[in-house]
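Pulled from Swiss-Prot:
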- 2: N-acetylalanine (MOD_RES)
- 68-130: domain 'BTB' (DOMAIN)
- 217-247: repeat 'ANK 1' (REPEAT)
- 270: phosphoserine (MOD_RES)
- 490-519: repeat 'ANK 6' (REPEAT)
- 542-572: repeat 'ANK 7' (REPEAT)
- 588-617: repeat 'ANK 8' (REPEAT)
- 654-683: repeat 'ANK 10' (REPEAT)
- 687-716: repeat 'ANK 11' (REPEAT)
- 724-753: repeat 'ANK 12' (REPEAT)
- 802-832: repeat 'ANK 14' (REPEAT)
- 836-865: repeat 'ANK 15' (REPEAT)
- 938-967: repeat 'ANK 18' (REPEAT)
- 971-1001: repeat 'ANK 19' (REPEAT)
- 1005-1037: repeat 'ANK 20' (REPEAT)
- 1104-1164: zinc finger (ZN_FING)
- 1110, 1113, 1134, 1137: Zn(2+) 1 binding site (BINDING)
- 1126, 1129, 1156, 1159: Zn(2+) 2 binding site (BINDING)
């Protein structure tokens, strides 16, 4: 990309240069034309002007003999010239100067350049060439002969050719010729590309000019003079700045570079020496706190480093941040990154530093000495130089607590883990031992401490190497005098560390070196902060032996080493070896045998047992290894212990047996093994649950089957609710655990026994309810359990304390599937009654379980006709309860719809339906064939019964179905009589409008329905009366009953004012007497108020009464006693009783007419008593 950009820029510059040349040509032509125009300003024809003709003549004289008075030698040629032309161009060729001259010698100049100048002199034409040398020569020649215009044009031509590489040369030329335009242009390019200029670009400049240029272009001329390697310019600077020395020598430029450092980095010894001689500070530091010596070493500069050391630079100066001395920087050079020559130079620098008094024990910001760094960088040359230094302290530790030896022993590592291999390059693989030339061996030979315990943790180098998994280093240390029983902060020995990290070879070596295998840790090891490679539950345990460690961290090869060591130690003559003790326990009371089991090292566990480890040791909580294996759900370990004769009868502190634990933790193989070894399978737990129940309650049928197979009792009587005795089957059913119940049934448990009272009679209702498991299952709706019980011979007809069979219970709890299962049983007896006398069918009807009832009828067809203690069959009860579903069901199963209740009433279902007021049942009974005219014991039809109640719809239904509406009961009443008697207006309307019932019929008391109305009328009597007149306008209202009472008289005697008024409005006779001579006028009442109001409301003259006696005084009419009528009330009166006369305006009787005394009072006083 960078090259493409450069190419584009060069192309762009080329275009700009071409464009610039074009513009110059155009400018020259324009200037020429401008001159011509000015010369002939006032002439119309420019071609004929003197000036133009003169210029044309001069141009034509170029290289012509005509008028020539001068020769010019150009190279080997002599060119004809003209003095006046030359004099016109330059003062140096004035006529006075050329008066005696015959020839001008220009042979010293470039002929081509000279000819170009002469052509321009005559023709004012100049052809530019992109040749900077040619233009420069032409410009010098023009300057020589004071051809100012030509020089300016050459300047402009040269400016188009100026670039970064030649700008210095053109600048020098411009200064020589005093070409200010070109010089300024070059100065601008130099200023913009100052930092891009190379020392070669300044080589041709004189010291004075270069110094002048540098001063004008940069703030730091000394630094620039050194960069261009011009000692003469440096000298000029020192002379000029003598009064400000040495301060000026120690200034840093914009890049932070010191003048001395620039000189040294360029190996300018003469300049560097000059600077130092003028008091330049050799220990000056840059902005980063690095001295010149640091920087020289950093860039691998032997010349600069040795120069500074010789000139007294501080050899122990440390950098500002990392606190690294020059010796540190030298030590950091690695042969993996640098060539042998560079490494050799570094060794020379190190030697020079040490000879100059460098301190080899100084530590950087990380606490590392040059020795540390030389080991990390594997800088053998510097390492050797440091070892030869007598002041070297081998035991200094860095901030990580590492000595030089610790870093050296990691040289052999093959791990790629950065915590193990801190070196940046690939680890070196050179076997498993350190030769005598290794850093580590040389350090130990020099006297380095092989233990060097860490201050914080107390880990010695051997433990650190083992902890890092560097077994080769650890073996090297172990065989080089490291202490085998050193204990760190937590009481851990190197043997512990080796076992924890699985270093079998190191373990064997340490045991050979006398390491004690019975030492126990004092504290739990801390959990590593970083993501640990090795994590175990053992991280929080202490009091561990090395063997605990090996087992806990699952290193069987290490365990084998220790076991072999024990076997060998028993026969060894080496007193250094100590025999391991397998009975030691860690902080969790775990022996090595227990840990071997939990880590799955059963082969090792067997070897431990063979070596005398106890299999039945109990922990502080009373648990054996068998208990713990079961609780861990470690079947393999549990079986291992059982195979090696672990005690199965030992209980935990909570009283749990191994069998109970195995069931609780769902270990079928362990349960089988324990049962095989004769465990007691009837021992209950602390809650009284036997092992079989524990298994079934957890849905562990495989374990339960194992227990049963080994002879476990499936019935198992035990304590139940309220202290009664129950079997496991009772309990399973009571808890709705069908899978458990079915398992117990299939396992041969007792399926028929009910719960029993406790040994001392304990137990409440449950102990005496007599319910078998089948009763309980039917009650809870456990279909699978019921089916299983029936399959395995449960008594389907067993009765509980209430006499109920299972089918009774199933029906009462509405469990349809169970009902079908029970009814389908071949041995079912459906005639069994409970204490309430209910058969299963009766129970089904009681609970409206039609499906059950239908199923029972299929088995026993006569079940529906059974009657209760009141003589009612199921249809009767259903009708009385208005249970339409049951009625429809019974109708559907062909129940007798005309059967009568077996009691004194002898009512049919239709009678009961009417009494219940259920229209839909009435309709369905009629549809099913109920006889509509069946009579009760009082000879009443269903219509009679409906008429007495407010059941107009049922009346209509009965009428539609052909009921005998004329039928009368034992009192001679038809349905209309009874409807009127009970004031059933709607029923009366139905009877009067929907049939032709005789509304004038008399009952045995000689009363028609209207007489009944007058005698029994209620609040709606007037409405009933109006209905009669509406339906029968010609009804004989004055017709008396058997005792001579009219409707009005009966109503008046009953005080039914509304009915009386309705009757009076209909125009009846008012004064009719009954057989006892009583009428409304003489009937004894508390007040005549009603009578007066009835008379007052007469709007027309009523019909006259007839008779043989006066209605008022009862005098018999004869010849002397004539008949008269009261013209107001129509009564038959004698003369004495009708003496008063008065006009009756409301009857349109304007003349006085006869009225009775009562009517006179009414007419005069109004309807007021």
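Including glycine, each Cβ sits where the backbone N, Cα and C put it.
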Take the C-alpha atoms of residue 1159 (Zn(2+) 2 binding site) and residue 1134 (Zn(2+) 1 binding site) and report the distance between them in angstrom, rounded. 15
Taking DSSP states H, G and I as helix and E and B as strand, how many residues of the repeat 'ANK 12' (724-753) are helix, strand and coil? 16 helix, 2 strand, 12 coil
Sort out the sequence-distant neighbours of residue 1156 (Zn(2+) 2 binding site) for me: same chain, 6+ apart, CB within less than 8 Å of its CB, listed by position. 1112, 1126, 1128, 1129, 1131, 1133, 1137, 1138, 1140
Rounding to whole Å, the Cα atoms of residue 1134 (Zn(2+) 1 binding site) and residue 2 (N-acetylalanine) are apart by 157
Mind looking up the mean pLDDT for the repeat 'ANK 11' (687-716) in the predicted model? 88
For residue 1129 (Zn(2+) 2 binding site), the three-state class that DSSP assigns: coil
Near the Cβ of residue 1159 (Zn(2+) 2 binding site), how many other Cβ atoms are there if near means within 10 Å? 26
Cβ under 8 Å to the repeat 'ANK 15' (836-865), counting only same-chain residues 6 or more beyond its ends: which ones? 805, 807-808, 811-812, 814, 816, 819-820, 823, 828, 830, 873-875, 877-878, 883, 885-886, 889-890, 893, 895-896, 899
Intrachain residues whose Cβ lies under 8 Å of the repeat 'ANK 6' (490-519), provided they are six or more past its termini: 458-460, 462-463, 466-467, 469, 471, 474-475, 478-479, 482, 484, 525-526, 534, 542, 544-547, 549-550, 553, 555, 557-558, 560-562, 565, 574, 576-581, 584
Residues lining the Zn(2+) 1 site besides 1110, 1113, 1134, 1137 (CB within 8 A of their CB center) are 1111, 1112, 1114, 1115, 1133, 1135, 1136, 1138
Residues within 8 Å of the 1126, 1129, 1156, 1159 Cβ centre (excluding the Zn(2+) 2 site residues themselves): 1095, 1127, 1128, 1130, 1131, 1133, 1138, 1155, 1157, 1158, 1160
Helix, strand and coil totals (DSSP H, G, I; E, B; other) for the repeat 'ANK 14' (802-832): 15 helix, 0 strand, 16 coil
Counting other Cβ atoms within 10 Å of each residue's Cβ, which of the recorded positions 2, 1129, 1134 comes out lowest? 2
Could you tell me which three-state DSSP class residue 1134 (Zn(2+) 1 binding site) falls into? coil
Integer Å value for the Cα distance linking residue 1110 (Zn(2+) 1 binding site) with residue 2 (N-acetylalanine) is 154
Among 1110, 1113, 1126, 1137, the one of these binding-site residues whose Cβ has the fewest neighbouring Cβ atoms within 10 Å: 1113
